[in-house]
Amino acid sequence: MNLYNNSNSSGSSNSSSSSNNKTNIDYNDINNNDILTPKGYHTSIYIDDNDLNNNQIINKNNNNNHNRNNNNNNNNNNNHNNPKKMVINLNPSGIFIPLMNDFDDDDDDEQESLIKNNKITIPTINSQIAIPILNNNDNNNNSNNKTEQTTTTTTIIKNTTIFNNKTISFGRIGFRSIVIFLILVPYIYILNFAIFPWTVNYETERKGKIHSFISMALVIQMLCNYYLCSTTDPGSFKDTISPSYYLLHPISSTDSNDHKKWCNKCNHQKPERAHHCRYCNRCVLRMDHHCQWLQNCIGLFNQKYFVLFLFYTSISIIYFFTLLIKRSIELVTKYTMEKTLPSFDLLHLFLLGILIIILIIAGISIMALLWTQIALISKGLTTIEHEDKKRKYQQPNYLNLYKKYDKGSIISNFSIVFGNLSFLWLLPTIPNNLKITSKKGDIFIV
């Protein structure tokens, strides 16, 4: 195993030559211990057996040591042949970067270009470094030869902790305030304009009370599901594997044959069906999409609340639309009989027309989204998987991946999101069957 040694001595004429010296590392030096890494721009850190056994890394980077190394190449090579000492280079986030070219310590753009071009090795996990495996067919190659990363993928993943149903902070309240405003204001107006007149009339008092109860129940369901959907953690996880595990089980950052992937942004392996959200800056389990109106991702643990919110909002729009039409008919009938209307009723009639138009536009949009969610859930797919499936429909092997998510029937597929107890499907309760199953160490989100 080879690592590149980069001395961090600025102003040294031999810095480029010393940065390409190779150090042979024995796996026994790792001892399956976690290696804690400080942060710094290309910090050269010397590690010996005692440091590894104590799970510590002592930063012994000083100019005297680097000057001695730069002035005497023979001594430098002798030190590198010592299997009890190694040098690793870290960027600010603790990621080891092979030095393909010499660049300044403050050149973040060039560092990012290396990462984007997959020039980095296995990244760190929770501020711990996973020493990478680099191809080395010839130990005598000169400093201009580039090193490529192995593309072998990991075979197991274990010791993974799932954080279920954690409440996250309400965060930005802008979009959420708008949604609550759009729910409550029409309801209050309809309650006073369309329902209240029925309650003051003896003949229609019972009808008014029934409509009051139904409208209140619908609004409570909308607000409750909206709150749960926006504040429930959609599903996150913490990789607790020892960093030294990835020495023997490197993993690719792109899709492989077994579809195990490494997230270069989160610096850990992504479980199956997990995707990284650029807005939440984390990987979300069984991610469907990120909703700006909720300021949250729709994923494993809150998709039911999202679908219920769309469902009750659609029902409420239809119900309120019916009440407004009935109230409009009453006003028009009153006008035809009395040949006149008070100015107050004329104002209400004008607002009625505007509100009806808003309900029609909102209803079409929300019902279309609800239909899309129902169609995808019935197939056992998420929105992201559906879009990937359309883009890669010519790849049979890729399409076969999603067939295992289909449980064979619509009821079975719905039970994955809503739970096995069908009589609780329309209530904002936690699905009783959300769990993580493990088969031969691989994580499957069901």
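Using the three backbone atoms N, Cα and C, a Cβ is placed for every residue, glycine included.
These numbers come from a predicted model, not from an experiment.
Taken from Swiss-Prot, the feature region 'Disordered' covers 1-33, 56-83. What Swiss-Prot records for Asn5, Asn8, Asn14, Asn21, Asn141, Asn145, Asn159, Asn165 is N-linked glycosylation site. Among the features that Swiss-Prot reports, compositional bias 'Low complexity' is placed at 56-81. What Swiss-Prot lists as transmembrane segment is 178-198, 210-230, 305-325, 349-369, 410-430, and the listing cites sequence analysis. Annotation source Swiss-Prot lists domain 'DHHC' at 261-311, citing sequence analysis.
With a cut-off of 8 Å on Cβ pairs spaced 6 or more residues apart, the transmembrane segment (178-198) and the transmembrane segment (410-430) reach fewer than 3 such pairs and are scored as not touching. Under 8 Å from some Cβ of the transmembrane segment (349-369) lie the Cβ atoms of residues 182, 186, 189-190, 193, 310, 313-314, 317-318, 320-321, 324-325, 327-328, 331, 341, all in the same chain and six or more residues away from its ends. For the transmembrane segment (410-430), the residues of the chain that approach it from at least six positions outside its boundaries are 165, 221, 224-225, 228, 301, 303-305, 307-308, 311, 377-380, 446, judged by C-beta separation under 8 angstroms. For the domain 'DHHC' (261-311), the DSSP-based tally of helix, strand and coil residues reads 9 helix, 18 strand, 24 coil.
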